[in-house]
Amino acid sequence: MRNGSKAPREPAFKVEGLTKVFGTGHSAVHALRGVDLDIPAGELVVLLGPSGSGKSTLLNILGGLDHATEGRVRFFKEELTAMNDAQLTRYRRRDVGFVFQFYNLMPSLTARENVELVTEIASDPLDPAEALALVGLTERLDHFPAQLSGGEQQRVAIARAVAKRPTVLFCDEPTGALDIRTGRSVLRVLQDVNTQTGATVVIITHAAATAEMADRVIDFADGRVREISVNEAKVSAEQIQW
Amino acid sequence: MSPLDHKLLRDLWRIKGQAAAIAVVIAVGVLLLVMMDGLVNSLVETKTAYYERYRLADVFASVTRAPRRTLDDLAAIPGVAAVEGRVNGAALIDLPGQQVPIRAQAVSVPEFRAPALNDDYLAAGRAIDPARQDQILLLEGFANAHGLVPGDALTVTMNGARRTLEIAGLAQSPEFLYTTPPGELAPDDARFAVIWMNEKALQAAFDLEGAFNEALLALGRDARLPAVLEAVDRILRPFGGTGAYGVENQMSNRFLTEEINSLRASSRAVPPIFLTVAAFLLYIVISRMIESEREQVGLLKAFGYSSAGIGLHYLKFVLAIAMTGAALGCLLGIVSGINVAEFYRAYYKFPFLLFRVDPAAFITGFIVSVLTASAGSFIVLRRVFALAPATAMRPPAPADYSRSERLGGVFRALLDQPSRMVARRLIRQPVRSLASTAGIGAGMALSVAMLSLMGGFDRTLMLNFSVIDRSDVTVTFTQPLGSDAIYALQRMEGVLVVEPFRNVSAVLRNGLHTYRGAINGLVAEPELNRAVDADMEAIYIRDDGIILAEALAEILRIAPGEMLTVEIQEGTRPVLQLPVAGVARSLLGSPAYFELGALNHSLGEQNRVSGAHLRIDGAYGDVIYDLLKNMPAVAGVSLKSDARASFETLMDTGAGAIRYIMAAIAGIITFGIVYNSAQIAFAERERDLASLRVIGFTKGEAAFVLLGELAVITVVALPVGSVLGYYMSAAIAAGFSTDLYRIPTIFVPSSYGTAAIAVLAAAIVSGWLVKRNVDRIDPVAALKTRG
Ligand SMILES: Nc1ncnc2c1ncn2[C@@H]1O[C@H](COP(=O)(O)OP(=O)(O)O)[C@@H](O)[C@H]1O
Ligand SMILES: [Mg+2]
């Protein structure tokens, strides 16, 4: 486990001069325009910023889902930006849990099977039912995504991400579609994963209040980091004021 | 079971209708392959076994009269394993109610033993009683055609003497699987008979006591046929031998071999075309199916599944469909193969059938299905794997509207919103639109080709019996006669035109290429039985050279201007060197025309004719038939209507019959392709259509967006299918042509019209089926899940 005391931590990610350009010519979109930041291991980090500012793009690159145009990303001792596809696949399989903005469940698999899809190839996973219990889904294990509400689908997606006991957990707007109460309980799960397994957790959110539970808040705008603030007075998810 | 396997099974179940439709198309492609292979193999196997069991001779030799002791000399020829001598004579059967006497062949059966060669198979009744000289076995096919049964009496004229014989039993023989009336091409059970009769009785009837007029020889394993033929000819020449020939030139065997070869040719030419079309569809549909799984592939990659693992998953998915299709095809291929083979067994009159399929047919079917399905998935997967998972997972690639925007002004002016959506999608995804067009086009081409083939068969008959042969009756004489015979015919009341001919059997040789056939001597400007060129214009018969049927020119690899060696097989058996003066379009048979006078001259004879074509006044028909029947020199009278009917039967029941099955399969494939194109388009657009419904489009408008696309693609596919179909029909017609008849590649407009209507009908039915799916879309459920 890479958790430790509150003492100075080794960075899980070290990002230097990261840029990402989609497309070419005059239709090119500069999603990231030179991002430098460190994400200490074991922290819960919240990424804030207006829509289109490049948050998802950053998360995708950190998660090994996309290639950077320029710049470097180090994950502990390894350099993600230098990895080939096979190495990135291994990295994703071994270390990364992802909660996507659009749930991304397999429509033809039940809730439990969607979780199994990940635990199947993980080395020391939770029991899928246990992972689903963690997000409060004990009743609906054998329902298909189409039979679940948006919030329930999102919770399956979170169970799927935490079930593998990832080293890093990325969540792209995990509460965007949820009501306050459910949103809170989802955040609570993420916080528990962070504290209990020591996983580094990065959450993108529009709800600035979420920042109250973070160790560190990264404010994003226009493809750049605008400000990074360290939160000295972390609160638990239940105490967040919406 | 792993969750991926769950996904596999559920996805297969979800698309079961479509999967079944794809599997059926592949299945019928494989079915045709397996069926044709099974048919050809079984016929060859059965034929071989039948020949062996009933000891069909390897060499046949006719003589005028040879003493039986000559058989010992024949048996002493190196390589000869068995010898039989028999009497084989011409007979005429008079059946009550038949206007024309029926020609027959009478062969002798030894009194107290089975024949050493050319045994017969007793199908009904009893064997001949050796003590009775008036009992016969009658060829079963002939007996059945006339309702004759054992115990019936038969009036037979042999060597001028009329006798009444009793039918003891009905027999079949590998020697007489095909019985073709002399001078005709197509076999006809009803108009030619074989009778087996006591040897002593037949010897007496043909003045051949203690002698034989036909020798049969079986060869040992390492005998050399040409050497044996030469030795036989040497021994029999003093007795009037007319030249020994191998079983490959035996009438029935030659015909049967030709039929089987023709089936083999079509089994090689046609199923691959069908299978290619089916494989093409499989490729298109599979690649589009995998394409629609793009986001899920991206998701699996995001979880850390390796490309190999994902590839394997989708390989299982497509193989489940392709192999089910292939397996189904093999199974149905065997079932239909057995049925079709049984049909041919009855038609070729084999007493039994050995069914066998070459494993290569199954393997080919599987390999083609598996390869195209895997290619379809791998090519798409490779493209998806090349994308970063983040990109693959994004909802369908941001559409590039720029291509259609250039036409934007036109669109807005001319089309309403749903029509613009149809047009945009077609233009935005040109490769996909073209593939669909090509797929439907290929399906239509198959139907066009099969319909043209049908037209080709009809055309062949029509041309032969109206343009080439314009006679009403053809008379053949027992031996070549002088011009008196022609005058006699001309004098008959009701006979309008008499056109004499002389047919002389001959071996045609050009270097290594030989053909055992006949020279057809015709008058210089024939009216009733003509030679025609490719444009169906009459060709005048030449006295300075031979005009060959194109089929024959091909076999002999000879062109006009080159010299042909003609070894005449009659009389003094001269060997002639004659130039090829031209090539005629022949549809039936493989004639070699020479001017009658010149032919006689080269034989050292004058004004000899072997028969005549007649045009008659229909009102005198019965009188003329009656007169002909009583002319002693007349060996046979054939009516064109009979000959035509025989040919029609041959084409509909012989090797050509398979075209009906192929046409049905072509229809299934055509429909399958159109239906699949519609289904896959629906599957790809289901979510878009749901969105349209959500934002207020009516069911009709949503369906229009989908069906409009199908309609455009279908309409564009019609000309594509027509052009493809033209070339495909050439290939298929060639596969169906035989030595005996040629199927021309003809442009039959109705084939194209019919195929187009079939495609449109298939599109309408498919459209209707898909429309029901569109109506059933639950907008909320469809939009609720992503991925
Ligand atoms: N695959 C892509 N192709 C083209 N442009 C993209 C792609 N992904 C993201 N973008 C663009 O990059 C910018 C940043 O997007 P994103 O990272 O999703 O923003 P955020 O998550 O902060 O809302 C946006 O302008 C978006 O349109
Ligand atoms: Mg985003």
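Glycine is no exception: its Cβ is also placed from the backbone N, Cα and C atoms.
The following features are taken from TrEMBL:
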type	residues	note
DOMAIN	B:23-232	domain 'MacB-like periplasmic core'
DOMAIN	B:273-387	domain 'ABC3 transporter permease C-terminal'
DOMAIN	B:661-770	domain 'ABC3 transporter permease C-terminal'
TRANSMEM	B:20-40	transmembrane segment
TRANSMEM	B:269-286	transmembrane segment
TRANSMEM	B:317-340	transmembrane segment
TRANSMEM	B:360-381	transmembrane segment
TRANSMEM	B:434-457	transmembrane segment
TRANSMEM	B:660-682	transmembrane segment
TRANSMEM	B:703-727	transmembrane segment
TRANSMEM	B:747-770	transmembrane segment
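Highlighted: of the candidate stretches B:20-40, B:317-340, B:360-381, B:434-457, B:747-770, B:20-40 has the greatest count of Cβ pairs under 8 Å to the transmembrane segment (B:269-286). Away from its own ends, the transmembrane segment (B:434-457) comes close to residues 273-274, 277, 280-281, 284, 651, 656, 659, 662-663, 666-667, 669-674, 676-677, 681, 713-714, 716-718, 720-729, 731-733, 736, 743-748, 750-752, 754-756, 758-759, 763 of its chain (Cβ-Cβ under 8 Å, at least six residues beyond either end). The residues of the domain 'ABC3 transporter permease C-terminal' (B:661-770), classed with DSSP into helix (H, G, I), strand (E, B) and coil, number 94 helix, 1 strand, 15 coil. Remote same-chain residues near the transmembrane segment (B:317-340) are listed as 8, 11-12, 19, 22-39, 42, 282, 286, 289-290, 355, 357, 361-362, 365-366, 369-370, 372-374, 376-377, 658, 661 (criterion: CB distance under 8 Å, separation of at least six residues from the stretch ends).
For the domain 'ABC3 transporter permease C-terminal' (B:273-387), DSSP puts the residue distribution at 98 helix, 0 strand, 17 coil.
If you look at the transmembrane segment (B:703-727), the same-chain residues 6 or more away from its ends with a CB under 8 A from one of its CBs are 418-419, 421-422, 425-426, 433, 436-449, 452, 674, 677-678, 681-682, 685, 688-689, 692, 697, 747, 751-752, 755-756, 759-760, 763, 766-767, 770-771, 774-775.
Long-range neighbours of the transmembrane segment (B:747-770) within the same chain, counting only residues 6 or more positions beyond its ends whose Cβ lies under 8 Å from a Cβ of the stretch, are 440, 443-444, 447-448, 451-452, 454-456, 459, 667, 670-671, 674-675, 677-679, 681-682, 703, 706-707, 710-711, 714, 717-718, 721-722, 725-726, 729.
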